[in-house]
Every structure is written in structure tokens, then in C-alpha cells.
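Listed in TrEMBL for this protein:
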TRANSMEM  12-35  transmembrane segment
DOMAIN    14-418  domain 'Major facilitator superfamily (MFS) profile'
TRANSMEM  55-76  transmembrane segment
TRANSMEM  83-106  transmembrane segment
TRANSMEM  112-134  transmembrane segment
TRANSMEM  141-163  transmembrane segment
TRANSMEM  169-190  transmembrane segment
TRANSMEM  238-260  transmembrane segment
TRANSMEM  272-291  transmembrane segment
TRANSMEM  303-323  transmembrane segment
TRANSMEM  329-351  transmembrane segment
TRANSMEM  363-382  transmembrane segment
TRANSMEM  394-413  transmembrane segment
Amino acid sequence: MRAKDSNPPDGGYGWVVVVSAFMVMGLTAAVLKSFGLFFVEIQQHFDELASTTSWITSVTIAIFHLGAPVASSLCVRYTHRAVVITGGLLAFSGMALGFLGLNMVWMYATTGFLQGLGISFSWTPAISIVSHYFSKKRALANAIASAGECAFAFTFGPFFQWLISQYGWRGALLIIGGIQLNICVCGVLMRPLASSCLLEASCSETSPGKGSSKIDKKDEFPIAHRTFNWMLVRQPEFVLYAIFGILAAMSFFVPPLFLVPLSYSLGIDESWTASLLSILAMVDFAGRLLCGWYANLHVTKTVHLLTMTITLISTSLMLLPLANNYLSLAIFTGFYGFFFGTTVAVHITVLADVVGMPDFDSALGLFMLIRSTGGFVGPPLAGLIVDMAEDYRAGFYMAGATLVLSAGFLVILGQLQQKKERGSQTNTKKEKSALPYPSLHLLKLQ
């Protein structure tokens, strides 16, 4: 099969890719977000502390991030399609083996490591290929694709709760793993562009009767180098954004993990507790689409928009522990979910603005790799604070405070970008004033 043209079509079959990515987001990130429903069940089954049980989610998040550079490199060699299919098989294996539930270490290795690797190998190529298919509508396309996470989480909350009640937490894991096999179907639909399919291009070049390929083999290594550019760690803007990512990852995965236990501690019924996750998903969905649409208007700089949404998330997390009944908890959960959705809708677009599209693939892999430290430390740290305080509210305070700190690095990033823009404009004006005559322009060009 010949790879398609490398120019972003900004539509057409790109929308099929967006729908496929939408499904992948739902079958990966939404499952991770809804895993809090298993928290109490697994904790009681193995009779472990909250901090010990939270390591399952911590391992999943860490491997999800650590696997991103590997997934990006494999996309260059074997195409996005092949990597997504592999991710679907790994995700299924993690859940299916977790069904055995031998001990806590086994859970770390299966629903932690394998599931995290499957999510990484599915999520990373799906987000990457959407950005390759779109240019002018990239913010909107990314927002729609990422909305699959909350659209699925809306139904996964009550559905997972029903599965646990009917088949136990082990049986529920096995069924969910089977559902995740649909990631492979989504991967098949992700038709590669020439710029993201070196292998298929070279196959077309060597196939008899196919004619010459659009990509020469000599171009393979330069493209591979651009796809994984380690030198990005020397750019101040990328470093600032990576530090923001670490602090944000420490916070983002804490609320979904402790929302269900907090609800139980308030004496709220299980059926109502599951509905909280649905509310969270519904307002998250609305936030992503609304913010994606607004960002596509290019009225506000994306980094400033992200700073504002992060500030609002931290505020909502500080207020959420004040809830003392279902209604107040649902309201504060709704505020948190909406602002979280607006953040997720633009944070990938901000990364593209920071480094530029030529380095986007490598930046995405490196960003996920660096951010993994936050995702790895965050849940256990929150679990430790919860154990010390003997109150699930403490985890939310920790998450909110960390997000406030992360917003500071976004402010510095925004100021640095503005300073560079002013410097660039000043240099342009100086060049124009120093070369008033066309002949001098020609002399400079020579």
C-alpha cells in the first residue's frame, strides 16, 4: 500500500482518523480515569493501605508516559497504525492477566505495567497522527479526539460499577480487557501519511511495477532524527513547559483516584457515587469542545488560555473538599471536570506552539517521558498524605497546591515568549530602517 500525500489535508479522511482517535482515547484514558472504582475493591481484597494500592495507578501512569518516546520511535519504523494495534493487544493482556489477581505485585505487573504500556502505544500514535492530518484546524481536531476520553468515561462509571457488582472486580477486568481489543480496529483505520510512514514508503519503492516512491531511502535517517530530537531539552521554553507538565501530572491523576473513596467516606450510596464519574465526564466533554472551538478562533494565545484554565482547576480542587453531601460534591466535581476539560483541549496545541510542528513528534515523546515523574510520584504521595491525615480531603488539597505552582511556570513561559516576539519585531524594524533602498537589500542578499 502506498502512503498518502504528506501535506496535511485538514479534513477529508482526516476526520476518519479523528473518530478513530476519539475511540482510542475512550478505550485507554477513560479506562484509566474510571479505575478509581476498583480502588476500594482491590484495597479490601488484599487488605492493603491506600498508599500501597495507589501504586497500581502510579505504575500505569508512569509506564504510559515512559513508553511515549518508544511509541514515537516505533511509529517511524512501523507506522502509527501498527503501533496502535500493538497497544490494543497489550492493553487487553494487562486486564486479562489482572483477572487472576494473584497478589499486589502481580497487579503492579499486569494492570499496572502492561496496561500502561498498552495505553502508551495506543494514545501516543493516535494523538500524533491527528496533528499530522490537520494544520489550520489542529486545535479543534485535537479537542474532538481528546473528548473521547470523557465521552466514554460518562458511561464507563455506571457500567464498571455494574460489572463489579455482577462479576466481581476480577471478572470486570476481564470484560474490560475484551472491550479494549476494539483499539486494534481503530488502529486499522489510521491510514498513514507519507511523512509518518517511512516503512510503507520504502516498501512501495522496492515493490515491482509500483514505480518510484515519493520518499527516497536517503531521507529516512534525517526524518527519523527529526522525529526524536533529544536537543529539545536545551530549549528554555520546552524546559519550562516540561516542568509544568511534571507538576500538573502530580495533580491530574489524584482527583479521579480519590473521588470515589471520598464519596464513600461521606456516606454516599454506591449508585450515586458512580454518577459522580458520569457528571465529571459530561462536563469534561463540554469543556474540551468549547475550549477547542475558542482556541481555534485564535483570539487568545494558547499559553495564556492554558494558564487561566490551570488556575481555575486549582481553585475548584481547593473548594471540592468542602463538600459534605452528594449535591455539593456533584457541583464542585462539575467545576473541576469542566476546567480539566478545557486544559486537556489545549495543552497539546500549546506544546506544538512552543516547539513548532517540525519537532512536534519528538517533543511529544520527550514531554511524556519527563512528565512521567510527576505521574509516578503524585498518586503515592497523595496516598501517603491521605494515610497520615486519615482523610481523603488531604489528597485534593495537595493536588490543588501543586497546580498553583505549575501555573507559575506557565506565566514565566508566556513572558519569555513575549520577550522573544518583541525582540524579533525590534530586529525586523532595525533591518528595514538600515536598508532603505532596494539596491541595499539586493547587496545583503548577495
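Each Cβ is built from the backbone N, Cα and C atoms, and glycine gets one as well.
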Same-chain residue ranges lying at least 6 outside the transmembrane segment (55-76) that approach it to Cβ under 8 Å: 32, 35, 39, 42, 82-83, 86-87, 104, 107-108, 111-113, 115-117, 119-121, 123-125, 128, 196, 198, 223-224, 227-228, 249, 253, 257, 361-362, 364-369, 371-372, 375-380
Recorded stretch that, among 112-134, 141-163, 238-260, 272-291, 303-323, has the most CB pairs under 8 Å to the transmembrane segment (363-382): 238-260
Candidates 112-134, 169-190, 238-260, 394-413; stretch with most C-beta pairs under 8 Å toward the transmembrane segment (272-291): 238-260
Leading contact stretch, 112-134, 169-190, 238-260, 394-413 vs the transmembrane segment (329-351) - CB distance under 8 Å: 238-260
CB contact flag for the transmembrane segment (238-260) and the transmembrane segment (394-413), at least three pairs under 8 A: yes
Within the predicted model, mean pLDDT of the domain 'Major facilitator superfamily (MFS) profile' (14-418): 82
